[in-house]
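According to Swiss-Prot, the protein has these features:
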- 7: N6-methyllysine (MOD_RES)
- 67, 68, 69, 70, 71, 72, 73, 74: ATP binding site (BINDING)
């Protein structure tokens with residue numbers, strides 16, 4: 001009987017864990033509009049007022065949201081649209097068109113996507129239009145019920161806005177902004193970009209039709225605010241089905257935020273990037289370790305997640321190299337030390353390696369030159385070294401100038417973790433200069 005009870009309690013616990021993971025993963029991955037905004041309240045107020053003027057009063061406009069990747073541009077617009085759609089009578093009478101510069105790579109594809117999102121495929125049918133502007137104006141005309149006041153407002157959201165500026169003649173941007181300046185269908189054009197020089201990319205005729213409204217997003221919060229965000233992002237909502245479990249989870253999150261080792265991890269993360277996307281990645285990796293037998297996140301989970309986040313990919317490649325390839329990298333390191341980061345060629349590296357072999361008088365490192373050349377080429381394929389200029393057909397491979405793409409710290413850290421690294425090779429790496 002007791003085994004049955006323990007089985008059922010384990011199943012209930014597993015169900016709670018899966019619900020926790022679903023809620024938090026949705027929060028971390030999909031930037032759910034149900035979450036909170038951090039440090040952008042002023043910008044949010046500006047944006048929502050602009051959208052309301054279009055949706056309620058039929059006022060056309062255009063605006064750019066500018067900020068580095070991960071600063072919350074998409075989250076800001078999603079929150080604003082959610083609030084707008086909750087206003088009575090707005091959701092039925094407003095249309096949204098979402099375009100992305102990475103997907104809609106030219107105006108023709110963009111126009112097809114606009115047609116699809118506005119559900120106007122049946123209106124266009126087999127009609128033939130002379131120009132892009134004619135086609136677009138016909139589509140917008142189809143949305144009109146009568147005069148300006150009764151036309152259906154359209155919100156155009158252009159993600160990766162700077163890529164649309166590279167379209168031929170910027171026809172799409174010109175026509176959308178032209179409509180926003182004229183007394184036609186009420187439209188608001190919202191551009192999302194990470195480029196501060198975006199206005200310099202616009203043609204004069206496009207720039208003259210843009211309202212020059214801009215919202216800048218910069219992650220300017222302090223570490224105490226970052227710690228508060230950490231707590232809020234990990235905490236379960238009050239509507240969680242099991243109150244007792246949610247209370248225990250939130251108490252654990254509170255104790256984590258006060259833990260010294262956790263604060264150190266978060267401080268390191270904060271110093272590298274204030275980007276909330278990188279914080280979400282850290283929390284996601286820690287959340288993956290939660291199981292029915294390990295129901296709460298611990299400080300050790302966060303420390304391990306931080307190690308995974310800050311893992312050096314090039315350093316990891318070095319762990320899988322052969323001893324010969326490691327020796328060549330050490331030879332390059334010494335050449336960099338002697339010649340102060342000047343480029344080197346294979347012959348120089350080979351000579352440096354030979355000094356080590358002769359000094360140690362080891363037959364184990366006595367490789368034929370073609371074998372050493374093959375190892376050198378493998379390092380180039382792994383992109384641990386790169387040629388300084390394009391390879392000429394007639395150029396001898398031994399004398400092509402190369403540059404090492406690892407610094408001394410990366411090499412030494414990788415050697416510390418290298419499995420069964422020979423002692424004399426490690427000593428050679430730590431010697432101040434080469435074997436002169």
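Cβ coordinates come from backbone N, Cα and C, glycine included.
Note that the structure is a prediction, hence the values are computed from the model and not measured.
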Residue 74 (ATP binding site) - helix vs strand vs coil (DSSP): helix
Cβ-centroid neighbours of ATP site 67, 68, 69, 70, 71, 72, 73, 74, 8 Å, sequence order: 194, 217, 275, 277
Secondary-structure category, per DSSP, in which residue 68 (ATP binding site) falls: coil
Residue 73 (ATP binding site) CB neighbourhood, other CB atoms within 10 A: 23
Residue among binding-site residues 67, 68, 70, 72 with least C-beta crowding, 10 angstrom cut-off: 68
Set of same-chain residues at least 6 away whose C-beta sits under 8 angstroms from residue 71 (ATP binding site): 217, 218, 219, 275
